[in-house]
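*Asks:* This structure is in structure tokens; I'll ask about it shortly.
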Amino acid sequence: MGSGKSTVGELLAQRLDVPYRDTDADIVAVEGREIADIFIDAGEPYFRELERAAVREAVVGHRGVLALGGGAILDDATRELLAGLPVVYLSLEAEEAVRRVGLNQARPLLAVNPRRQWRELMDARRPLYTEVARVVVATDERTPEEVAQAVLDALELKDA
Ligand SMILES: Nc1ncnc2c1ncn2[C@@H]1O[C@H](COP(=O)(O)OP(=O)(O)OP(=O)(O)O)[C@@H](O)[C@H]1O
Ligand SMILES: O=C(O)C1=C[C@@H](O)[C@@H](O)[C@H](O)C1
Ligand SMILES: [Mg+2]
């Protein structure tokens with residue numbers, strides 16, 4: 001969370017002149033309520049079901065840059081779906097993550113003690129991100145534009 005998937009994803013799509021899509025936004029549009037409200041009203045398991053369906057639909061139907069929610073990778077079927085695709089893992093350190101999103105209530109999993117929560121989530125998820133990623137791009141001390149360029153370089157892609 002906070003690595004810049006949405007910010008960098010949009011920049012990359014502009015650079016490549018392809019559409020951008022974000023499964024978090026898809027879920028909000030389908031449900032007609034914010035992610036934090038889905039977590040609070042219906043619970044995380046319900047959100048994860050929606051997310052699994054949203055990711056499947058987007059991976060199958062979308063041609064362009066796709067940003068996934070930070071926890072999508074926890075789902076076995078999602079990881080299988082991503083195998084073989086040019087998946088980018090945008091990494092960052094805890095201090096920078098908390099600076100970026102720690103006090104932002106839109107991220108329900110970081111609502112209480114964001115630094116500790118972020119570390120615990122990342123310790124569980126890092127191996128999964130690494131497993132599916134074709135490339136890993138560090139985002140600390142880089143602007144979103146620099147991160148986008150590093151992604152293009154790592155995937156050996158050129159601007160449109
Ligand atoms: N390279 C960067 N340097 C500094 N700030 C950044 C960088 N990338 C993103 N940000 C800022 O960090 C915040 C989180 O970025 P963003 O929403 O793109 O992350 P995300 O990975 O999509 O998060 P989530 O998993 O919650 O959807 C935003 O305020 C954004 O402007
Ligand atoms: O890391 C996570 O588990 C999440 C990240 C966001 O993208 C949203 O999908 C939601 O807030 C959960
Ligand atoms: Mg996002």
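The chain as shown is numbered from 1 upward.
Every residue gets a Cβ built from N, Cα and C, even glycine.
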*Asks:* Going by TrEMBL, Asp24, Arg48, Gly70 bind substrate; tell me which of Arg116, Arg119, Arg125, Arg126 is listed for that site too.
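*Replies:* Site partner of Asp24, Arg48, Gly70 for substrate, according to TrEMBL: Arg125.
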*Asks:* Need one residue: from Arg52, Arg56, Arg63, Arg142, the one TrEMBL lists with Gly2, Ser3, Gly4, Lys5, Ser6, Thr7, Arg107 for ATP.
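*Replies:* Among the candidates, TrEMBL records only Arg142 at this ATP site.
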*Asks:* At the Cα level, what's the spacing in Å between Arg142 (ATP binding site) and Arg48 (substrate binding site), rounded?
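*Replies:* Here the two Cα atoms are 31 Å apart.
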*Asks:* Binding-site residues Asp24, Arg48, Arg125: which have a Cα within 10 Å of Ser3 (ATP binding site)?
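*Replies:* Neighbours among binding-site residues: none.
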*Asks:* Do any of the binding-site residues Gly2, Arg48, Gly70, Arg142 touch ligand 1, in the sense that the CB is under 6 Å from one of its atoms?
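*Replies:* If the test is a Cβ under 6 Å from any atom of ligand 1, the answer is Gly2, Gly70, Arg142.
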*Asks:* Using C-alpha atoms only, work out the spacing between Gly4 (ATP binding site) and Asp24 (substrate binding site) and round it to an integer in Å.
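*Replies:* Cα-Cα distance, Gly4 (ATP binding site) to Asp24 (substrate binding site): 13 Å.
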*Asks:* Sorted by position, what residues of the same chain at least six away from Gly2 (ATP binding site) have a C-beta under 8 A from it?
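*Replies:* Spatial neighbours, sequence-distant, of Gly2 (ATP binding site): Leu92, Glu96, Ala97, Arg100, Val101, Arg107, Trp118.
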